[in-house]
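Student: My questions all concern the structure below.
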């Protein structure tokens, strides 16, 4: 259904401009509009991706949550991240760049595959979520209406039902691998849905939209309403019984069931809210307007965007509802961050903090930029609209990975110093507090940020031959070549030869100390001391491998 969102907007605009006598003049969005749209999508991207990841972690780490309903919630959390990772990313780039052309069209085969997958995966994800929602409702029906029979449903049956949701979603959207394709238009490449030449595009598209709406929206909503009506009626019927007849345990169980029903009802209401606007718009477009939108700008710009945005936000709603309505999920999340996570972090800082601060995630931004440049065959900067936002992203895209690299080098030095103290001065190593280690870690970040702060001046967007490039230019305040030469020389000496010399000296001392200890007879060494030295030897070999790679 995500494909409907993207292409319905394009179809609407083209239909309005070519078929309406009084078509609205569509102008480019202002900088404020683009920024607002981009920030809205970035927000739901973050909530959707991290919310579902947290949900997966909570269910995985909490044994109490590994029960029937949470199998299906887990399934939803597995499928939902496909939405932000594929179509949402494409949409953000389209909004900021102001172009709906497909960025990855070179080589053509790779561009075609990504074009198909970018809409296949999120739509499969959406149908899996709908299937999981139905399974959750049926599971609650059995738990409330047939509590004794609910226990007879095995985990194997639940697993098979989950696999069926994936199989149905994949089979239904398999035609995407034919219908989605790259098409050249006015020297630009577009990834669009086109059922031709084998099929009549308009008739097939109308049939596909109708079938998908009836099968995966209308029928599920009817089933959900019926199932939850039965559940609510059963719970109310039970509440009419006197409290004296119900045991305390039964009362507690019914309260839990009511909370679960409230949560699933919230999910259903959100589901209808997110899905209805787009399908209402599509049905008006296809059956009432016959692909000719009224000459009103709202029907060609604002309404399509809001409808698409609500559809995309569905994957961000599920984890929010789970954490809002379920105390178990909130407690599980709290345990991950505070009880379990914090204690492990503190212990790792005390005993084994050596790898904690080595961060490579920020370097992913640089890798993505280079990968995109290689595949698309263009080094022009895609995010230049609005100019302010494009400039900020230009600076951050090189600032963050270089800060990450310097932090990694600093962490490598801290690891070596920590190992030196542990091997040469084992008694003094215990005197180094977690506070000292934390301060040293923060120092690596402050140094890295201070060294690369000039990036916010030097990196800038420069237009050249109708394209925009993100380049380093120290002008006009400084002579570019001299300043660049000095900066490269200073960073090279500070962060390459000096760290290598320090690492070589430190590990030379460590290796000499360990060899000296090994010359002692085994009789003089206690079993505990022998095991400790073996562990230190392994740690030194690991750190040496990292240093050689560096």
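The first residue you see is number 1, and the count goes up from there.
For all residues, glycine too, the Cβ spot is worked out from N, Cα and C.
According to TrEMBL, the record shows the following:
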- 51-322: domain 'G-protein coupled receptors family 1 profile' (DOMAIN)
- 387-550: domain 'G-protein coupled receptors family 1 profile' (DOMAIN)
- 38-60: transmembrane segment (TRANSMEM)
- 159-178: transmembrane segment (TRANSMEM)
- 208-235: transmembrane segment (TRANSMEM)
- 263-289: transmembrane segment (TRANSMEM)
- 301-325: transmembrane segment (TRANSMEM)
- 439-457: transmembrane segment (TRANSMEM)
- 487-514: transmembrane segment (TRANSMEM)
Student: Calculate the per-residue pLDDT averaged over the domain 'G-protein coupled receptors family 1 profile' (51-322) and state the result as an integer.
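Tutor: Mean pLDDT, the domain 'G-protein coupled receptors family 1 profile' (51-322): 83.
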Student: If I count Cβ-Cβ pairs under 8 A between the transmembrane segment (38-60) and each of 159-178, 208-235, 301-325, 487-514, which range comes out on top?
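Tutor: It is 301-325 that shares the most Cβ pairs under 8 Å with the transmembrane segment (38-60).
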Student: Would you mind listing the long-range same-chain contacts of the transmembrane segment (159-178), meaning Cβ under 8 Å and 6+ residues beyond its ends?
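Tutor: Same-chain contacts beyond the flanks: 3, 71-72, 75, 79, 116, 119-120, 123-125, 127-128, 131-132, 135, 198, 208, 212, 215-216.
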